[in-house]
Amino acid sequence: EEAVFLRKKITLLRAFSLLIGSMVGSGIFISPKGVLQNSGSVGFSLVVWFACGLLSMFGALCYAELGTRITKSGGHYIYILETLGPLPSFLFLWAEFFAIRPANSAVVSLAFGRYMLEPFFAPCAAPVPAVKLVSLLGYYMVLTLNSWSVTWSARLQTALSIVKLLALALIIVPGMMMLTQGHTENFQNAFDRQSLVLDKLPLAFYAGMFAYSGWFQTGFVREELVRPERNIPLAVIVSVITVIVGYMLTNVSYYTVLGRQDVLASPAVAVSFVQRAFKSLISVVPVLVALSCFGTMNGGIFTFSRTLFVASREGQWPPLFSMIHIRRHTPLPSVMLMFPLVTAMVCIGDIYHLLNFFSFSRWLFIGLATLGLIVHRHRHPELHSPFKVPLFVPVFFTITCLFTVAMSFYSDPVSISIGCVAVLSGFPVYYLIIHRQMSNRCRSLFYYLTHKLQLLLEVVQQEIKTY
């Protein structure tokens with residue numbers, strides 16, 4: 001009897017929890033090795049971590065302005081669609097669905113499985129099949145929860161955000177205590193230029209930016225936010241500053257306790273840290289890290305389902321995915337769509353190759369979205385925005401993103417070329433399916449299948465647009 005639409009259930013606290021929960025996940029517990037490996041030294045790796053945090057703040061400020069200027073949900077997709085047009089927005093959607101999002105979800109899921117099993121197999125590494133099985137079970141649990149209730153997904157995100165900060169505190173405190181006691185030997189000759197390889201720096205930035213990624217999540221749920229004009233800027237500024245401080249202190253703690261060689265040799269840096277710092281919590285911290293990854297999976301599913309929902313509503317994705325469950329008020333078809341691709345990538349993937357594979361596409365389109373902000377300002381100077389950043393911020397961020405993407409072809413040409421092909425493969429699909437009209441026979445068959453799936457899933461079109 002009620003109108004079926006997505007309710008405004010995301011308050012400022014829940015928005016803050018969504019951002020913290022999306023940023024503080026597997027990244028800070030697996031990326032230190034990738035950053036150090038590609039930057040060459042302890043000192044340069046810390047510079048990369050701070051630079052990534054600063055760059056994330058610039059990007060978050062740009063997205064905060066986009067979120068106040070463009071009142072639809074959808075994040076990167078809707079920003080590119082509204083500013084640069086339908087073709088680049090469809091290419092993003094295509095790459096996001098077939099490359100970026102499943103690879104990202106697979107990386108986080110594999111980190112969840114690895115840390116969850118680590119206490120049971122220490123000091124040996126957990127068997128790969130067991131890690132992948134637990135990874136999939138964790139992902140399926142989050143998938144089920146997001147299909148069941150928006151409220152409970154948001155509540156879980158808030159609770160797990162507290163767990164994430166607790167996990168960081170358990171790493172930061174002993175490291176800082178050892179540092180104040182004079183254990184600075186691991187920082188001797190911190191800026192060793194002999195091990196610095198410039199063409200590997202883009203991969204170091206990819207690993208660092210992966211750890212910070214998540215600052216753009218409020219844009220995906222814009223229509224479900226309470227007072228978005230106020231809460232989007234507040235949530236992104238406070239959350240990004242919190243994460244920058246936490247990440248810098250965490251990395252200093254890692255190097256204080258472990259040192260360069262131990263970080264490079266460790267398959268799970270946080271577990272190696274606990275083994276060295278205090279063995280009494282050897283079984284606690286990995287579980288906290290696993291729960292942290294669980295929260296990142298939850299935030300990723302929660303937000304990406306809204307991208308598919310909006311793309312379907314805009315006519316660039318099948319109409320079934322703009323439908324909502326009649327009782328649960330969740331975008332059930334959009335939530336369930338990632339199930340097969342993530343399952344496949346978890347089964348066949350490796351964390352670091354997956355990370356390079358999806359980072360190219362992700363940062364290419366984030367750069368295009370902030371380029372779109374510059375274009376939108378030029379086209380609509382009369383439009384009043386409740387939040388506005390200086391022009392040099394989107395200009396600097398856009399140039400940095402596109403330059404890093406270009407440089408990455410020299411760093412890892414194989415993975416980046418695969419990502420590039422994934423993006424370019426969307427061109428023929430766009431012109432054959434989206435740009436051209438389907439024949440009447442194909443359209444009739446398509447709507448027949450959609451109707452049957454609609455009845456099976458108990459979903460209907462949104463009755464009220466909330467933007």
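Using N, Cα and C of the backbone, Cβ positions are placed for all residues, glycine too.
Within the chain carrying the transmembrane segment (12-30), a Cβ under 8 angstroms from the stretch's Cβ atoms is held by residues 107-108, 111-112, 115, 154, 157-158, 160-161, 164-165, 168, 210-215, 217-218, 221, 225-227, 230-232, 234-236, 238-240, 242-243, 246-247, 250, 268-270, 289, 292-293, 295-300, 302-303, 351, all 6 or more beyond its ends. According to TrEMBL, the transmembrane segment annotation covers 12-30 (among others).
Residues annotated as transmembrane segment in TrEMBL: 42-64 (among others).
The transmembrane segment feature in TrEMBL is assigned to 76-100 (among others).
Taken from TrEMBL, the feature transmembrane segment covers 120-142 (among others). Packing against the transmembrane segment (120-142) from elsewhere in the chain are residues 105-106, 109-110, 112-114, 267, 271, 275, 282, 290, 293-294, 297-298, 301, 339, 342-343, 346-347: each is 6 or more residues past its ends and has a CB under 8 Å from a CB in it.
Sequence annotations record features per position, and here TrEMBL assigns transmembrane segment to 162-183 (among others). Cβ atoms under 8 Å from those of the transmembrane segment (162-183) belong to residues 20-21, 24-25, 28, 246, 249-250, 252-254, 256-257, 270, 273, 277-278, 281, 284-285, 288-289, 291-292, 295 of the same chain, restricted to positions at least 6 beyond its ends.
Taken from TrEMBL, the feature transmembrane segment covers 203-221 (among others).
Under the heading transmembrane segment, TrEMBL lists 233-257 (among others).
According to TrEMBL, the transmembrane segment annotation covers 277-297 (among others).
According to TrEMBL, the feature transmembrane segment maps to 332-354 (among others).
What TrEMBL lists as transmembrane segment is 360-377 (among others). Counting same-chain residues at least six beyond the ends of the transmembrane segment (360-377), those with a Cβ under 8 angstroms from any Cβ of the stretch are 59, 62-63, 65-66, 69-70, 76, 79-80, 82-84, 88, 91-92, 95-96, 99-100, 104, 206, 209, 213, 216, 383, 391, 394-395, 397-398, 400-402, 404-405, 408, 415-416, 419-420, 422-423.
Cβ atoms under 8 Å from those of the transmembrane segment (389-410) belong to residues 55, 58-59, 61-62, 64-65, 199, 201-203, 205-206, 356, 359-360, 363-364, 366-367, 370-371, 373-374, 377, 416-417 of the same chain, restricted to positions at least 6 beyond its ends. Residues annotated as transmembrane segment in TrEMBL: 389-410 (among others).
TrEMBL lists 416-434 (among others) with the feature transmembrane segment.
Remote same-chain residues near the transmembrane segment (416-434) are listed as 86-87, 90-91, 93-95, 98-99, 315-316, 356-361, 364, 408-409 (criterion: CB distance under 8 Å, separation of at least six residues from the stretch ends). Taking Cβ pairs closer than 8 Å, the transmembrane segment (42-64) reaches residues 32, 35-36, 75, 79, 186-187, 190-192, 196, 201, 204-205, 208-209, 211-213, 215-216, 218-219, 232-233, 236-237, 240-241, 243-244, 247-248, 251-252, 255, 260, 366, 369-370, 373, 387, 389, 393-394, 396-397, 400-401 in its own chain, all 6 or more past its ends.
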